[in-house]
Amino acid sequence: MNAAVIDSKNSQDFIVADMSLADWGRKELNIAETEMPGLVQTREEYKVQQPLKGARIAGSLHMTIQTGVLIETLTALGADVRWASCNIFSTQDHAAAAIAKAGTPVFAFKGESLDEYWEFSHRIFEWPNGEFANMILDDGGDATLLLILGSKAEKDRSVISKPTNEEEVALYKSIERHLDADPTWYSTRLAHIKGVTEETTTGVHRLYQMEKEGRLPFPAINVNDSVTKSKFDNLYGCRESLVDGIKRATDVMIAGKIAVVAGYGDVGKGCAQSLRGLGATVWVTEIDPICALQAAMEGYRVVTMEYAADKADIFVTATGNYHVIGHDHMKAMRHNAIVCNIGHFDSEIDVASTRQYQWDNIKPQVDHIIFPDGKRVILLAEGRLVNLGCATGHPSFVMSNSFTNQTLAQIELFTQGNKYENKVYVLPKHLDEKVARLHLARIGANLTVLSDEQAGYIGVDKNGPFKPNHYRY
């Protein structure tokens, strides 16, 4: 690792791959804005009010072009921001350079080591002039985890003494290093946090678990379960970005192949649609009888991974779970089977068990795992997010939905935080509908307006909300 990274000091308050890429990044940011009407209109609505003035946001989310538009929306509304990526492969280096050149400290480049990743996660909490972050914007929960676990380790270092995987080895080492330098580094920073807004399913699971156990130290807004996030980003975003990643990585013809999608939630639904749309025969694995029935009713064959392992050509995990594809599954696969993950963490595929075999790196984020019999399994992005590791993630338009929710959630927690207990909340229905409304004109959609009589007949305000909270879209 670069020495400047180890000691957390740098002559400039950013670490990116190549600042000469900044002008290219700026051009793409300008293009992305034309596809992100929610963020652009939110800037316009709040630019005078400056609701985030005084907010110091520690951001941990994929450093893409679309995230750059989010960052510049937050700063336009008054926030100071420091940023790291939440995945070692997901940064778009020209985006990071453009944002750093504009003055926001960014610590991210594509292909970070795990040591660098966790060091950069610390850097977003290291503010100049004796100040501290007071808000977290998280994706996957790593920034939140870092402060909470570090605070526990201040009292008892045994909690970081037994790593179970290479990720924890790097995390625990980074915490040890910071505690040696400052025994109260984490609790000092944790005490200043007013709240967190969480982007994705995996991070939300962590928050709900902490709430259930009474360990959540500040209020949290679950952005993932806003309808305009989960039913759009997770579904339509994955429907476009999954096959983009697979095809950029492998140039494989998807038509005629058997593709297995593990998990039929919103992400899995989008993945299955895209693979079928390109002519694959799609099988689905599921643990939930409701999701399994949905898949079957859509015409997908519902099977087990044990059944599919030696028959399919392409495997995609979309569960948020652990070792959904294990060593024995990969050992049984056909020669040149493609294995990838679109869930947040790399634990869905048991990659560690294959390190005993020879790996042949074909190009960045594409590896052949060579089994003793000579068979090769093609692993994409080392089991991390294939759409961001091997492509550029979701399109700008759908990310405008998600990031408008993030912006509104940051405003809500920062300005109204005293109304919230240390629990997990979702944005109210009227804001969900507002986010959708902001995006209609861009795609030529025109709403029908209820008459007073019609609104009275179904018992809603003619301006919304139009559905009860329990409604399933």
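Residue 1 is the first one shown; counting continues down the chain.
From the backbone N, Cα and C atoms, a Cβ is placed for every residue, glycine too.
As written in Swiss-Prot, here are the features:
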type	residues	note
BINDING	T64, D139, E199, K229, D233	substrate binding site
BINDING	200-202, N234, 263-268, E286, N321, 342-344, N387	NAD(+) binding site
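Features per Swiss-Prot, on structure.
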residue : record                 : DSSP (3 states)
T64     : substrate binding site : coil
T200    : NAD(+) binding site    : coil
K229    : substrate binding site : helix
G263    : NAD(+) binding site    : coil
E286    : NAD(+) binding site    : coil
I342    : NAD(+) binding site    : coil
Legend entry - substrate binding residues T64, D139, E199, K229, D233: largest Cα-Cα distance, in Å and rounded to whole number: 17
Inset, instruction - Find the shortest Cα-Cα separation between E199 (substrate binding site) and the binding-site residues G263, V267, E286, I342, H344, and name the residue that gives it. - result: H344
Legend entry - Rounded Cα separation (Å) that holds between H344 (NAD(+) binding site) and T64 (substrate binding site): 15
Inset, instruction - Count the other Cβ atoms sitting within 10 Å of the Cβ of T200 (NAD(+) binding site), across every protein chain shown. - result: 27
Inset, instruction - Measure from the Cα of T200 (NAD(+) binding site) to the Cα of every one of the binding-site residues T64, D139, K229, D233, then give the nearest. - result: D139
Inset, instruction - Could you check which of the binding-site residues (G263, G265, I342) sits closest to D139 (substrate binding site), going Cα to Cα? - result: I342
Legend entry - Candidate nearest K229 (substrate binding site) in space, where candidates are the binding-site residues T202, G263, V267, E286, I342 and distance is Cα-Cα: V267
Inset, instruction - Count, for each of the binding-site residues E199, D233, E286, the other C-beta atoms lying within 10 angstroms of its own C-beta, and report the residue with the smallest count. - result: E286
Inset, instruction - Let me know how many other Cβ atoms fall within 10 Å of the Cβ of T64 (substrate binding site). - result: 24
Inset, instruction - Fewest other Cβ atoms within 10 Å: which of the binding-site residues T202, H344 wins that one? Let me know. - result: T202
Inset, instruction - May I ask for the distance between E286 (NAD(+) binding site) and T64 (substrate binding site), taken between their Cα atoms and rounded to an integer number of Å? - result: 31
Inset, instruction - If we count other C-beta atoms within 10 Å, could you say which of the binding-site residues G263, G265 has the fewest? - result: G265
